Each structure stands twice: as structure tokens, then as C-alpha cells.
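Student: Handing you a structure now.
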Ligand SMILES: Nc1ncnc2c1ncn2[C@@H]1O[C@H](COP(=O)(O)OP(=O)(O)OP(=O)(O)O)[C@@H](O)[C@H]1O
Ligand SMILES: [Mg+2]
């Protein structure tokens, strides 16, 4: 140091700062040099490979820039940067430089002193060049380390980017998987709900199935019972069918027999009627109409004979000299009905003839007698059931018998007519037209000795009521007048005619 103070000062080589020259010949800017010093990290710390550390930009240290003096040795960088161990530049103390530049000026003649100063300066500069070179080498090492580190970092960066892409891909895959998972979980929830519903339905259906199975068991047992019953029924049905077919045959035989029997009965019945007499005369004694008198003294009816009648009367003497004599007149009839005989008794005797009419025989029944003797009462009777006369009872029997004969295949049609003979003129009692347009009638004989009346109303009837209505109509049309013997004397002859047409189509038989 002392030497420095003693040596003459040499002028600086240049007023401008020379650019530092790197080992590869490139010029570096001063600021960059300062930054490089700051960033040097001689001992790179070990970091985890996966961690990306952003480049930490330290604030640039305030470079200490000393004003270059024409006589100054060189600028000296500020204190050492963090972590960078730089070899100290011992040979260039600050004080020395200042001493050099501010040393006492040697006189112009002191060439030796000046040379020695120059030599000191050269040595100083040489040592500074040396130190700068050393520093340069250090910096080169640092740069190479940094470059190596940078390449490592770049590789690491590439790896990390690659890893990042992979992670992003994984993340997107995971996101889609998450969405899928959410959907799947939602579907699972739905399916679980559906499963619970289906489970409930399953339980209900199981209950129903159990009920149905038990019902099925019952039905099957019933079915087996019914099947056995059905078999029994079928057996009995077969037997019944056989019985029915045999019975049908029997019925057919019996029908034949019945028909033959019926035909035989008709024959016999009518033979009997003929034997009894084709013309039969019955006598009916009317009761006395005056109250209190029940016996008729001049009519005697033998108790044990219902076919004879005796009229007794006292005959006065024509001369008056002899006593009155009791004379009796005996009459015999096919049947005598006394005053107490009821309508039913009279009809029973006639009903056999009504049966003959249904069998196809012509039957005529008429009442004859003086006025008030009871003809109309006997033939028509009164409204009460007990007082009904021969005609309504005969009609009732005819329709009943016709109905019964239907089963033997007989079909009957009935035609009614009612005619009045009054003063030898004919009147249609079933006429319903205007009275001034009444047609005239004649009795004519047509083929088969049939008697017919021209322009007469022949009314088809099919029920008993229809006939009764016709009789009422006829009674309204009939001429009546009061007589001494009868308040409602008919004053005429009336003929009720019922034509009966019978047909048995099965056996092709007709009767009229
Ligand atoms: N058997 C009887 N029982 C009770 N009353 C009878 C009987 N017969 C007739 N009569 C009564 O006698 C009366 C005369 O009878 P009905 O009119 O039948 O006589 P009729 O013969 O028809 O007379 P006409 O020829 O004048 O018409 C009637 O009031 C009737 O009710
Ligand atoms: Mg009469």
C-alpha cells in the first residue's frame, strides 16, 4: 500500500468502460452482468421434480456505479450476490485505487517515479485483469451450470407440461366419469325407487296369487266334485235319453192307441146316443113363480121314475048331476126335470150331445113351450154361475174339449150365427149395420144337404168370451114384449148356431 502511494500515477487507458468479453467472444451489457451476478446460485437447491417453481425475479440490486475517472483503475461491483461465492479481489483495494488517482503529483523530471507509478499501475491492472478473468471463469461456470440447470428445468418443464396434460386429460376423464357416475347414481336411485315399488307390487301380487291359488284349489276340488257329478249326470242322462227314446216310442204307440181309442170312443159314444134315440124329448117343469107355493098340485112326478109325469085334473060333470071326477094323464119322456131341477142337471143330460157335436155329428137342441114356461131361462139362463143356461155351458164345454183335443193333434175353428124367426121372417141377430139397410134372408139348401141362410153374419170365434159377447149382442137385437104370462116374452123363435170344423193334420182327418 505504501508502494502504491509512492508510485507515480499512470493515466487510465480509456475514458469509456470496456465491454466485457465472454469466453465465446460475445459482448455483454453491464446491466446484464450485474443481473447475472444476482441470479447466480452456485449450489442449486434440490426441488421436488413435480413442483413447478416460477422464476423468482429478485429485485435487482442497486448497482454501485462509481464514476469512472480518467485516472481511476476500474469499477468494482457491489457486494456479493446471494449465495454466490466469488473469490475476493484482494489485489485491488478500493483505497488503493483512490490512492492511485489521488496521489501526489510527481514532478516532471521524476521519470523514475513515474515509471514506478506506471509499473504499479500495470501490476494493479494485471492483478485486476487476473481477478476479472477469474471472475469471468466463475461466471462461465455459473452460466454453464445455469444453462445446465435451465436445460434440466426445461426438461422438467416439458415433463411437467406433459404431466399437466396427462393430469388435465385425467381430470377431464374424471369429470366425465363423475358425470357418468352421477347419472349412474341417479339411475340407481330411480331403479331403487322402482325396485321398492316393484317389491310392493310383488308383495301385493304374491298375496293375490296366494288368494288365487287357494281359490284355485277350492275350484279344483269343486271341479273334481262337479266332474264326478257331471259323469254321474251324463250316465243318468244317457239312461234318461234311453228311457226317453223308449218312452217316446211308447208315447207314439200310446198316441196311436189313444187315437184309435178316441175314434172307437166316438163311434161307441154316438152309437149310444143313437141307441138312446136320435130325437130325445125332455120335459122340464117350471117352478111356480109366486112366493110361498112350492107344490104344483096337478103335476105329479113319481119319485122313482124320472121319465114319466102325470097331469091330474078334476073334470066337472057336464050335466051337473054327477060328481066331479079326478082324471090323470100320464106322459113319458126321455127325461123329466122337476121344478127343483137345477140348470146343471139339465145340462148334464145335454152335454153328451155336445160331445157328439165335437165328434163331428150334427146336434140340434131346442126348447118348446108356451110363453113364460121357461124356454129362454133353460137355454140362456141368468148371469150368475148357477143360473147359466144350456147354450153358455155348451159353449164352455166345447172350448174346453177343443183345448184338450189339441194334444191329440186336433185343431178346431168355430163359426157362430144367431138368427131370429119372427112372423115367418128371418132377422140376423148379429147384424151391426144400420137398421134401414138390413138385408133380407132366405133359407137355402146347398150341397151335402147343408142348410144355409143367405146374407147372415157368420162370425169366427175362438174363445168362450167372444161367444158370450155375441149372445149379449143378439139379446139386444131380439124382439121382446110383455105378455100376460111373461114380462119379457121373447115373442119369436131364435136359433143359435155354432159350426165346428175339426182337423187332425197328423192323421189327415177332418170333421164338421
Ligand atoms: N126353472 C126355473 N126356475 C126359476 N125361474 C124360472 C124357471 N123357468 C123360468 N123361470 C122364470 O120364468 C119366467 C119366464 O121364463 P122365460 O122367459 O124363460 O119364458 P119363455 O118360455 O122364454 O117365454 P116366452 O116364450 O114368452 O119368451 C122368467 O122370469 C124366468 O126367470
Ligand atoms: Mg123366451
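Using the three backbone atoms N, Cα and C, a Cβ is placed for every residue, glycine included.
Pasting the relevant annotations from TrEMBL:
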BINDING   369, 370, 371, 372, 373, 374, 375, 376  ATP binding site
COMPBIAS  244-253  compositional bias 'Polar residues'
COMPBIAS  254-264  compositional bias 'Basic and acidic residues'
DOMAIN    278-512  domain 'Kinesin motor'
REGION    1-112  region 'Disordered'
REGION    244-264  region 'Disordered'
Student: Measuring CB to CB from residue 369 (ATP binding site), give everything in the same chain under 8 Å that is also at least six residues away in sequence.
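Tutor: Spatial neighbours, sequence-distant, of residue 369 (ATP binding site): 375.
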Student: Please report the number of other Cβ atoms within 10 Å of the Cβ of residue 371 (ATP binding site).
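Tutor: Summing over all protein chains shown, residue 371 (ATP binding site) has 13 other Cβ atoms within 10 Å.
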Student: Compute the average pLDDT of the predicted model within the domain 'Kinesin motor' (278-512).
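Tutor: It averages 85.
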Student: For the region 'Disordered' (244-264), give the DSSP counts of helix residues, strand residues and coil residues.
Tutor: 21 helix, 0 strand, 0 coil
Student: List the binding-site residues 370, 374, 375 whose Cβ sits under 6 Å from any atom of ligand 2, in sequence order.
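Tutor: So the answer is 375.
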Student: Using a 10 angstroms cut-off on Cβ to Cβ distances, just flag whichever of 370, 373, 376 is the loneliest among these binding-site residues.
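Tutor: It is 370 that, of the binding-site residues 370, 373, 376, has the fewest other Cβ atoms within 10 Å.
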Student: Note down the number of other Cβ atoms within 10 Å of the Cβ of residue 372 (ATP binding site), including every protein chain shown.
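Tutor: The answer is 17.
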Student: According to DSSP, which of helix, strand or coil covers residue 370 (ATP binding site)?
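Tutor: In three-state terms, residue 370 (ATP binding site) counts as coil.
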Student: Give the sequence-ordered list of residues that share a chain with residue 374 (ATP binding site), lie 6 or more positions from it, and have CB atoms under 8 Å from its CB.
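Tutor: When sequence neighbours closer than 6 are ignored, residue 374 (ATP binding site) has 284, 286, 367 within Cβ distance under 8 Å.
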Student: 10 Å Cβ neighbour count around residue 375 (ATP binding site)?
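Tutor: Total other Cβ atoms inside 10 Å, all chains included: 21.
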